[in-house]
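Reviewing the structure listed below.
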Amino acid sequence: MVTTSVASSSSGAPSSLSQRNLKGKAPVHATSTTNTGGAGFFDKNPQGAAARAAYLKIFLGGCFMILILIFGILSIFWGSLWKIPARNLHGWVVDFDGGLIGQTVSTALSAPSGVSKVTWTVVPASQFPGGAQEVGAAVLEEHTWAAVTINAGSTARLMQSLSSPNTTYDGRDAITAFGVEARNENAFRSLIQPTLLASLEGISKAFAIQVAQRASNATNLAALLAQSPQTITAPISYTIINLAPFNIPVATAVIFVGLIYQVILSFFVVMIGQSARDASGITQSLNTRSLIVLRFISSFAAYFFISLFYCLLSVAFQLGFSHKFGHSGFLVFWMLNYVGMLALGLSLEAMITLLTVRFIPFFMLTLIITNVSVCVFPIEILPSFFRYGYGMPFYNISHAMRTIVFATKNRGVLCSALFSNTEFLAFFLIVGFDFGILLIWVAISVVTLPLIQQLVRRRGWDQLAHPSSPTVPLADEEKDIGDVKVIDEKDVEAVDEKELLDDRV
């Protein structure tokens, strides 16, 4: 690579020096070096040694930070899956029967068990005048994770069938279990449903043995076995009702994995904005207030349209939004993603000013891991450390999206009831709690970004006003353009004047 000096001005016009070269004097070349292949990595020349030391310091230092990241941050996600469940989920047992079956099932479920993943609490039937249907509504409204009801008249129907064989007797009418898969599909599939199956199956078999022993001496045993054998073999059974099944596979993209994509897209916007400011030099040309306003307007506008196209992607793959809010569901879904991107993106926008481009990826990965860790399983079953997740963007975005897509209940449901006559307000108040958490994140970034920007700019001014060592102004430094090193015109003129002085002497 050949390096030559070219006298030029910032506008690209020829310099005044090139028009007034001294007679008989050759053009001034500040530097002229020829690289015939470069030095080896372990060569002992001073320049190579300094470059090698700087490279190793940066590279090894970065790798060491990654090691810290693995054990300091990635361990959070590993820890969220290490001991599942650290605590049991809570469930209700409601006895509407009040007879032998109700007492047997209630006692068996509420007994301490080291196997069950659900801790059952017996709730008086008087709290649910609407019967089992009202219990199911309470489960859907997220008052509990699961519920088992012993239906009214179960014992009476069994006794009647034992005394007078009933060919239509069905033991499944005795017990009804409720769960909501869409609330957290991982918890339902790996904890709630297996616990219900194991517990109720064991209770049914044990009760069948008791009934068979009592019926063995019955005078109508032959008729009973001939006409209604299920009365003895399966005197009680159960029906599991999934109130909101997770039956839309593409929903996984927006409820879990897509949240990571939102952070990545937000990171792209932040880096594009940083590159645009650096390439244009607009950071130096604007005052602090104008720069902050520019960054906010750019971010809010970019996320507005990016979130729209992100939502349209889900529409293209036929993800439904009408289960809860009808035709307005898409609007709520879009605004949720918009506010979510603002919450995530503005935090990156604020921190890149402080951490710079070199360290912002570490913050981004930390943001992803701390958010993802509280979205796989319910926070209720994780160690107490993970309760911070209630205030994290991912958790609240996912929670609100489940309400929009699967019509699950939300923590804002009580607020929505107050505004039931105002449909538009109800849409947002149903998911209002989750929106509120996201808006708090946005507000924090709106406050911290200007403070950080002012701090960084003031620190830069202090360094210029009180330099620790002599520095060369930017206008006098060498500027690399491709393979040609350009020396500023003032430097070349200074060299030329020195030569004139030498000639005069």
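The backbone N, Cα and C atoms fix where each Cβ goes, and this holds for glycine too.
Record features, source TrEMBL:
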- 1-18: compositional bias 'Low complexity' (COMPBIAS)
- 1-29: region 'Disordered' (REGION)
- 54-78: transmembrane segment (TRANSMEM)
- 63-410: domain 'DUF3533' (DOMAIN)
- 250-272: transmembrane segment (TRANSMEM)
- 293-319: transmembrane segment (TRANSMEM)
- 331-355: transmembrane segment (TRANSMEM)
- 362-386: transmembrane segment (TRANSMEM)
- 424-452: transmembrane segment (TRANSMEM)
For the transmembrane segment (331-355), which stretch among 54-78, 293-319, 362-386 has the most Cβ pairs under 8 A?
293-319
Given a Cβ distance threshold of under 8 angstroms, which distant residues of the chain, six or more beyond its ends, lie next to the transmembrane segment (250-272)?
299, 302-303, 306, 310, 314, 317-319, 337, 340-341, 344-345, 348-349, 352, 357, 360, 364, 367-368, 371-372, 375-376, 393-394, 397-398, 401-402, 405-406
Contacting positions for the transmembrane segment (293-319) when only residues 6+ beyond its ends and CB under 8 Å are counted:
248, 250-251, 253-254, 258, 262, 265-266, 269, 273, 282, 286, 330, 333-334, 337-338, 340-342, 345-346, 349, 405, 446, 449, 453
